[in-house]
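Pulled from Swiss-Prot:
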REGION    1-33  region 'Disordered'
COMPBIAS  9-27  compositional bias 'Basic and acidic residues'
REGION    47-68  region 'Disordered'
COMPBIAS  53-67  compositional bias 'Basic residues'
REGION    93-132  region 'Disordered'
COMPBIAS  109-119  compositional bias 'Basic residues'
REGION    147-178  region 'Disordered'
């Protein structure tokens, strides 16, 4: 098969005709080599920059708003068609500013929250109506009657407040501190008192203590009777 490549002499002659690949001159147009999308971006950039300059100078005029006029219903026109025409004529306006949480909550949850608030207010109103006025005695007799308030209870006094005072220089202790006697309740262990009753139900501690007391009382009475019989 004959070779399809050109001879060396032919290739060198073609290169001499083309010449060297120099950079394009200022007069030559290079726009044809750019892609169209890149050209659009350049045009947009130039447009925005020119607009900013005009705004700074104050040459840019505000656009006049369209005067829609009064929209009236045409004779023989349906209400649905008229409403569509009105919606098209009215410009769409979006809310500015941060969105609220209530806009995204479900309608059912909103109703539940509203019902709870109403019930709470109703209960408070009933309590206030049923609340007896106890101030009439204070008005007539002049005696102060303490009424329960919703204020928080005051804090109890600090038992270690005395330790905060620093001793003076050269102070000596005359006697050891006297500690108050602690009232310790004697723990009574209940013996022979079952934890479960005849029905198989567990008994509480208070119930078992009461049964233990009754058992001891009966034992003492029985012993007294036996002593009297022996005599």
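Cβ coordinates come from backbone N, Cα and C, glycine included.
In the region 'Disordered' (147-178), the DSSP tally of helix, strand and coil residues is 4 helix, 0 strand, 28 coil. The DSSP breakdown of the compositional bias 'Basic residues' (109-119), given as helix, strand and coil counts, is 11 helix, 0 strand, 0 coil.
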